[in-house]
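What follows is one structure encoded as structure tokens, with my remarks underneath.
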Amino acid sequence: MAYVLVLNSGSSSIKFQLVNPENSATDDPLVSGLVEQIGEPGGAINVKVNGEKTREELEIPDHTFGLKRSLEIMSERGVGPTDVELVAVGHRVVHGGRLFSEPQLLNDQIISMIEDLIPLAPLHNPANLDGIRVAQQILPDIPHVAVFDTAFFNGMPPAAALYAINNEVASKYDVRRYGFHGTSHEFVSQQVPKLLDKDPMEVNQITLHLGNGASAAAIRGGHPIDTSMGLTPLAGLAMGTRSGDIDPGIIFHLVRQAGMSIDEIDKLLNRQSGVKGISGVNDFRQLRQMIEEEDADAWLAYNIYIHQLRRFIGSYMIALGRVDAITYTAGVGENDSEVRQDALYNLDMYGIKIDDERNESPNRDPREISAADSDIKVFVVPTNEELAIAQKAAHIADEAREAGLF
Ligand code: ADP
């Protein structure tokens, strides 16, 4: 059985999975793991093999050490890179700018292009590149593939992709809407035409990726025509800890009146805002608990979250003209039936009717939750970004082998 090692390297962490690209979205990977606190106190490597978890606490000076030790732990447990047929390493890369609309086989030229995009994602791309370099060093004979979080949205119509700001400044500094969570929106939206039994080219749909980060996309015939995230993943919906859309004037106000620095505002909007900024928690299970206990802040946070979601759904219905399906995915979208109900509540006049019993069903499979007479179908489709990366990486690796590169 062929496997792909999927790596998601952050500045102080590495998430990894060993995935069979033929899995379905709800199958567990053979291995999943997390290297925590690289270069900081409290380092640890968590590895789960066939559902069995281990945790090793140790100092992890850098990414090289963290990945090497993780692969050793996998080998000790009989699932190392030489124990299985490893066909590719798939790297999640956050920002592909305008350069990449497809996954890429990593070579020096592609790596240098990803370096060129660092100004657009100064925290994410360098960490992704660290992971790429380390993994290439440790596994030099395997094709390495970069899969970009922005790629799906490259090619959106200019009216949606460009901001109404000064043209010269925008083009000089590459200021435009890039969109994120593309791998998930693509993976989920590709399943919808099958559920509708329609030609993908004929399907107009809205996908709602509601995890800790959250984004919406409007997709016509397989191509996105709008999405809620922008130059960065801070834009759009209110999220777990991110503000989503705000008046940009708020930033000037905080600089001038509160004397806050750019870094402080960055932290405020990315980590101390959203649902957490209002209620104190970012996990929807805790938020729900607090709402049940009649906590006013939790209720307010929830209402802002839902209001923002309805705003985007409404505007995408107009942008698409005709909508065949609205699909929920990711942690909140897959699990929180009340969010699903409230975001589409009282829209019968627009042809949207949720079936309560279907919506409450704890099924894990892709499924319909709209009523039989709902004109617009509403679905829940589990996402699996690692599986999507594994599938893309395996495909590119096959092509590289056919071309005699490996
Ligand atoms: P990430 O964006 O980190 O990949 P996920 O898509 O896994 O996140 O979503 C994580 C979020 O999903 C959690 O913070 C929590 O709010 C929500 N979540 C997970 N399970 C449930 C559940 N059973 N009920 C409600 N919310 C849930």
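Cβ atoms here come from the backbone N, Cα and C positions, even for glycine.
Here is what TrEMBL records for this protein:
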type	residues	note
ACT_SITE	Asp149	active site, proton donor/acceptor
BINDING	Asn8, Glu385	Mg(2+) binding site
BINDING	Lys15, His209, Leu210, Gly211, Asn212, Gly213, Asp283, Phe284, Arg285, Gly331, Val332, Gly333, Glu334, Asn335	ATP binding site
BINDING	Arg92	substrate binding site
SITE	His181	site 'Transition state stabilizer'
SITE	Arg242	site 'Transition state stabilizer'
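Feature annotations (TrEMBL) mapped to structure.
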residue : record                             : DSSP class
Asn8    : Mg(2+) binding site                : strand
Asp149  : active site, proton donor/acceptor : coil
Leu210  : ATP binding site                   : strand
Arg242  : site 'Transition state stabilizer' : coil
Asp283  : ATP binding site                   : coil
Val332  : ATP binding site                   : helix
Glu385  : Mg(2+) binding site                : helix
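Listed in sequence order, the recorded positions near His181 (site 'Transition state stabilizer') (C-alpha within 10 Å of its C-alpha) are Asp149, Glu385, out of Asn8, Asp149, Glu385. Taking every pair among Lys15, His209, Leu210, Gly211, Asn212, Gly213, Asp283, Phe284, Arg285, Gly331, Val332, Gly333, Glu334, Asn335, the residues listed as contacting ATP, the largest Cα to Cα separation comes to 23 Å. Of all the recorded positions listed here (Asp149, Glu334, Glu385), it is Glu334 whose C-beta has the fewest other C-beta atoms within 10 angstroms. Among the recorded positions Lys15, His181, Leu210, Arg242, no residue has its Cβ under 6 Å from any atom of ligand 1. Here Arg242 (site 'Transition state stabilizer') is compared against the binding-site residues Asn8, Arg92, Asn212, Asp283, Arg285, and the shortest C-alpha distance is to Asn212. Spatial neighbours are here defined as Cα atoms within 10 angstroms of one another, and by that definition the neighbours of Lys15 (ATP binding site) among the recorded positions Asn8, Asp149, Glu385 are Asn8. Across the fold, the C-alpha of Asn8 (Mg(2+) binding site) and the C-alpha of the residue listed as 'substrate binding site' stand 5 Å from each other.
In terms of Cα distance, the binding-site residues that sit within 10 Å of Glu385 (Mg(2+) binding site) are Arg92, chosen from Arg92, Leu210, Asn212, Asp283, Val332, Glu334. On the backbone, the CA of Leu210 (ATP binding site) and the CA of Asp149 (active site, proton donor/acceptor) stand 15 Å apart. Here the binding-site residues are Lys15, Arg92, Arg285, and the one ringed by the most other CB atoms within 10 angstroms is Arg92. Asn212 (ATP binding site) has a Cβ environment of 17 other Cβ atoms inside 10 Å.
Cβ neighbour count for Asn8 (Mg(2+) binding site): 23 (other Cβ atoms within 10 Å of its Cβ, all protein chains included). Note: the Cα of Glu334 (ATP binding site) and the Cα of Asp149 (active site, proton donor/acceptor) are spaced 20 Å from each other.
Rounded to the nearest whole angstrom, the C-alpha distance between Asn212 (ATP binding site) and Asp149 (active site, proton donor/acceptor) is 16.
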